[in-house]
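Trainee: Quick one: structure below, then a few questions.
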């Protein structure tokens, strides 16, 4: 069955319409039947009235139901609570709620009244139909079929009336329930307005006040934070300025100190130049005995020293320094015009030392090498030949290898290939001594092969190359070589000088003792002096890095090496009498230089007798081998030219 | 009963007489009328309240000198601009100082005019003119056009005309971050959380460049040539019916036939004196 809440009014109207229509049809049929059978007029009139009444009732109910449904439907579907909640002010809310209450209660009352009226009408219909049923039962004569038809129709009407009644009852109870709910809801809303809304408003106000005060506090904190930032900035800036002031003072003092140290370094270098300048004196004294035996062209040995020094120095200044310290070409050779073109004195050149001072200092190394060669070869060449040879030493022999090993000493970034791979030679053990010894050895070996053996009483076996007086000057010179390039602020100068002295002493003593306990002749002093110089040569490579005990070891072993090497040389390569001096020189400078270079790896590591640096040892041997190959090769080349010239 | 009524009558007469007497005495003890002026709570260096709740700032000094000139006793009341204007319309205040707030009716971003048109209010001649300036780090790249600010974050004081301008012109390219206090924006700028801060030159002069913060944080400023903000000025708002007060304030605040000073000039010329607050 349709219900009001879910069906349209048209559907709701249908039963009553059908009832009226059915009643109308039944009565009409009855009239026709009566007219055909000719029944009495009084009964027709009664039936006609009943027909009209039933039709009217059905239409009335139909219209009433339509009106009721139209009134009821919007009230049920609209949500009044929502509308009330959106009311802005409390007073307005109350008024509006009252209006809503009135508006809602009026149709509800009307609906209830109309429903009650409808129920009364239904009861009337039932009563009428009951009467009609009785009348039909009484008038059953003559119209059996029509009576059955009418009875069926009346049963249908009765059934539908009952259903309609049940529906109406349901609807009324539903309306009643909804009304109760509505009243309850309305009461709740009114209660909310009067009590809870006030509390809610107070709570909101309190919350708003809290939020406001918290916002005020946050702003205060932000403001305080900014003031703190300003104070931090002020303190920081003041601190920076104070620090800068101190820094300026500190920088000024530092600059003064650096300037003073530089001046002292220059002074020390100048002093070292003086010290290394004793090399020619030492060799002049060493060659003093030779004055009675002139060179091949008649010049005395001391004059020869002078010639060698002049030629070597000149050659070194003209080309040698440029080859050695000029801008490197692949780490093999310096620029030729470095000195002559004035590039060496450029202010923009970031050189470690002043040009003139450094050249003077380095020139002494070259003189040292040239004089070693001169002393070793001696009377085998003329003065002019020695001069040319010294020129060669000053321009080519020392500068080329010197570039490989020392180029970075003048301009830090301008390194030769040996220096670049890590080869170390501080005081010229390899660059000067080994190089010169290698050259001498090759040269004299070549001469010895071509010269017949002779007994020369002027070359006694036990005559030292360096006499005692020469040896002192040589010691001073080596001290200059080893410590001259050190900075005065490094506190290494004195230990280096001490190491030089210790090594030399140990070398001399070791050679003396070795020879004393292995031989019985008078050569012990000669060995001792040779051992002393060998100790000097050996320690020159590592003097600044050795501990004192290590210096003693280096020197002592150097002394022993000197003795052994001399013996070996005399027995194998340099056997002739006139080669005694050369054998001593090769033993001193060659063997001593090689040992000194090896000592860089063996003793150069930080710490007393620390583990040797095997990698460095390889580099040192590479450097030494390079020096020997280069010097021997050059000596052979020069000797070849010399031999061709003599022919 | 009749006696009681007579006694009450006498008592009433006495009370009336006393009241009139005290009222007259009070009149004689207040030589100057009071003027209540609304100002913002914390807008250094323009206006602010110190720890003793005394109004400070160069604009307070300027207004105070005008009050003395008009023989008025000025009381400064703190609050938010919108509330102050409401209090002005509700006759709780006599005047309100309008700094740079973008007040209702909502300012058209493309035609930023300050002060805005507000019903039933009138404004004095300008106290000084605001100069927009962008504060940024020294090492920051030079930015002049809106596209230069792509993917940057600009700080600004919330609710000001500068804020409205940035939202209107720069919100498409840059991230706009509004702060209740511009000092908070500067803190963020110092700690590299912002690329720039748009504000008024006087504020930056007093709060950044007159301190050591600019050296500490390596800050500098670039004038922001914003035509839309060229008419932004600081004024006093009064009710439209207070025409006498408006005339008096105009006469006292602005010298005749003179151009409006920049606020930085006013800051330099004003001497700060503490003024008792009624906040």
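Here the Cβ of each residue, glycine as well, is placed from N, Cα and C on the backbone.
Heads up, TrEMBL stuff is auto-annotated, nobody curated it.
Okay, so TrEMBL annotates it like this:
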COMPBIAS  A:74-89  compositional bias 'Polar residues'
DOMAIN    A:268-641  domain 'Ammonium transporter AmtB-like'
REGION    A:72-116  region 'Disordered'
TRANSMEM  A:12-29  transmembrane segment
TRANSMEM  A:267-285  transmembrane segment
TRANSMEM  A:305-326  transmembrane segment
TRANSMEM  A:358-377  transmembrane segment
TRANSMEM  A:384-406  transmembrane segment
TRANSMEM  A:426-445  transmembrane segment
TRANSMEM  A:465-487  transmembrane segment
TRANSMEM  A:493-513  transmembrane segment
TRANSMEM  A:525-545  transmembrane segment
TRANSMEM  A:551-569  transmembrane segment
TRANSMEM  A:581-603  transmembrane segment
TRANSMEM  A:623-643  transmembrane segment
Trainee: So what's near the transmembrane segment (A:358-377) in sequence-distant terms, Cβ-Cβ under 8 Å and 6+ beyond its ends?
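Mentor: Distant contacts of the transmembrane segment (A:358-377): 269, 272-273, 276-277, 279-280, 283, 286-287, 304-305, 308-309, 311-313, 316-317, 320-321, 324-325, 339, 344, 351-352, 386, 389-390, 393-394, 397-399, 402, 410, 428, 431-433, 435-437, 439-440, 443-444, 465, 477, 480-481, 484-485, 581-582, 585-586, 589.
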Trainee: Excluding the flanking five residues on each side, which residues at least 6 beyond the ends of the transmembrane segment (A:426-445) place their CB within less than 8 Å of a CB in that stretch?
Mentor: 365, 368-370, 372-373, 376-377, 380, 393, 397-398, 401-402, 405-406, 478, 481-482, 485, 537-545, 573-574, 579, 582, 585-586, 588-594, 596-597, 600, 623-624, 627-628, 630-632, 634-636, 638-639
Trainee: Between the transmembrane segment (A:384-406) and the transmembrane segment (A:465-487), are there three or more CB pairs that fall under 8 A, provided the residues in each pair are separated by 6 or more in sequence?
Mentor: no
Trainee: Under an 8 Å Cβ to Cβ limit, what residues of the same chain, 6 or more beyond the ends of the transmembrane segment (A:493-513), are close to it?
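Mentor: Answer is 268, 475, 478-479, 482-483, 486, 524-525, 527-536, 538-540, 543-544, 546, 548, 551-560, 562-563.
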Trainee: Is the transmembrane segment (A:305-326) packed against any residues at least 6 beyond its ends, judged by a Cβ distance under 8 Å, and which are they?
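Mentor: 280, 283-284, 287, 299, 333-340, 343-344, 358-359, 362-363, 366-367, 369-371, 374, 383, 386-396, 398-400, 402-403, 406-407, 409-411, 414.
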Trainee: Same chain, outside the transmembrane segment (A:623-643) by at least 6, Cβ under 8 Å from its Cβ: which residues?
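Mentor: Non-local partners: 385, 389, 392, 396-397, 400-401, 404-405, 418, 423, 425, 430-431, 434-443, 446-447, 593-594, 597-598.
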Trainee: Let me know the model's mean pLDDT on the domain 'Ammonium transporter AmtB-like' (A:268-641).
Mentor: 85
